[in-house]
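What TrEMBL records for HIS97 is active site, electrophile. The feature active site, proton acceptor is assigned by TrEMBL to GLU169. Per TrEMBL, the feature substrate binding site maps to ASN11, TRP12, LYS13, GLY175, SER214, GLY235, GLY236.
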Amino acid sequence: MSKRRPLVAGNWKMNGSRAESAALVDAVRRGVGPGARVEVALCPPFILIPLVAEKLAGGPVSWGGQSLDTHKSGAYTGEVSGPMLKDYDCAYVIVGHSERRALYGENDGVVAEKFGAAQAAGLVPILCVGETLAEREANRTEAVVARQLDAVVNKHGIASLKNAVLAYEPVWAIGTGKTATPQQAQDVHRFIRGRLAARDQAVADGLRILYGGSVKSANAKELFGQPDIDGGLIGGASLNAEEFLLICRAAD
Ligand code: PGA
């Protein structure tokens with residue numbers, strides 16, 4: 001069990017009509033009690049943020065974006081900035097999700113810039129790191145995760161992680177139904193925390209590191225029971241209120 005306040009964040013990805021999203025967010029809000037130890041957040045597609053913000057305002061569940069542009073405003077057709085997310089009272093924004101890295105060409109440098117843009121706007125970045133199956137099989141998991149982390153820490157300093165959340169998301173486990181075993185996940189979480197502790201013990205101790213990749217109610221309790229796993233980033237299962245709430249309870 002983690003010493004830090006657990007966070008369970010739903011990543012809806014590119015899913016949900018207005019009607020479906022309204023029903024989902026209402027059910028999550030009803031299901032999360034004000035006194036819960038676990039913190040719950042929802043990250044819908046940009047266009048649904050106003051709806052979600054209106055429904056969650058004043059309650060215990062927070063919300064955020066799934067990405068942001070590195071610029072504050074200007075001629076960047078199709079993009080959404082950190083200040084725009086903040087204007088809708090987003091608390092969080094996901095940065096460096098493996099789908100952004102793989103499908104939209106976001107390399108470590110861009111991810112580090114986005115991390116800085118998020119913090120400059122007063123948002124807490126949820127920085128995603130994780131290896132592909134080929135990288136794991138080549139025994140490169142730690143090297144890849146270290147490279148992804150260092151890109152951010154070298155640019156913004158270790159203290160920038162006081163206002164951030166990490167998510168370890170092995171690419172081979174995302175949306176595949178193949179979850180990392182609790183021990184596989186814990187091993188990487190411990191590696192990450194240890195690496196950061198070498199720079200600043202207090203920052204490493206306080207940092208929440210979420211696990212993501214096919215988390216379900218059936219495996220959440222065991223994953224969240226690991227000492228260095230401080231909650232989850234939930235994709236597919238966050239689209240079902242009942243299932244998502246069971247996962248939240250598993251972290252409570
Ligand atoms: P999944 O996605 O839970 O559907 O595997 C996790 C994520 O991409 O954040």
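Glycine is treated like the rest: Cβ placed from N, Cα and C.
Unlike curated entries, TrEMBL annotations are predicted automatically.
Here the structure is a predicted model, which means the values were calculated and not measured.
All features noted in TrEMBL, drawn onto the structure.
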residue: ASN11; record: substrate binding site; Cβ within 10 Å: 27
residue: TRP12; record: substrate binding site; Cβ within 10 Å: 22
residue: LYS13; record: substrate binding site; Cβ within 10 Å: 19
residue: HIS97; record: active site, electrophile; Cβ within 10 Å: 27
residue: GLU169; record: active site, proton acceptor; Cβ within 10 Å: 28
residue: GLY175; record: substrate binding site; Cβ within 10 Å: 12
residue: SER214; record: substrate binding site; Cβ within 10 Å: 21
residue: GLY235; record: substrate binding site; Cβ within 10 Å: 22
residue: GLY236; record: substrate binding site; Cβ within 10 Å: 19
Return only the integer: C-alpha distance in Å from TRP12 (substrate binding site) to GLU169 (active site, proton acceptor).
15
Give me the sequence-ordered set of same-chain residues, not including ASN11, TRP12, LYS13, GLY175, SER214, GLY235, GLY236, with a C-beta within 8 angstroms of the centroid of the substrate site's C-beta atoms.
ILE174, ILE234, ALA237, SER238, LEU239
Which ones, of the recorded positions ASN11, LYS13, HIS97, GLY235, GLY236, have a Cα no more than 10 Å from the Cα of the residue listed as 'active site, proton acceptor'?
HIS97
What does the structure give for the C-alpha distance between LYS13 (substrate binding site) and HIS97 (active site, electrophile)? Integer Å is fine.
10
If I take the alpha carbons of ASN11 (substrate binding site) and the residue listed as 'active site, electrophile', what is the distance between them in whole Å?
10
The record lists ASN11, TRP12, LYS13, GLY175, SER214, GLY235, GLY236 as binding substrate. What's the largest Cα to Cα distance among them, in Å, rounded to a whole number?
14
So, three-state DSSP: helix, strand or coil for ASN11 (substrate binding site)?
strand
Length of the line joining the Cα atoms of GLY175 (substrate binding site) and HIS97 (active site, electrophile), in Å:
13
Return only the integer: C-alpha distance in Å from HIS97 (active site, electrophile) to GLY235 (substrate binding site).
11
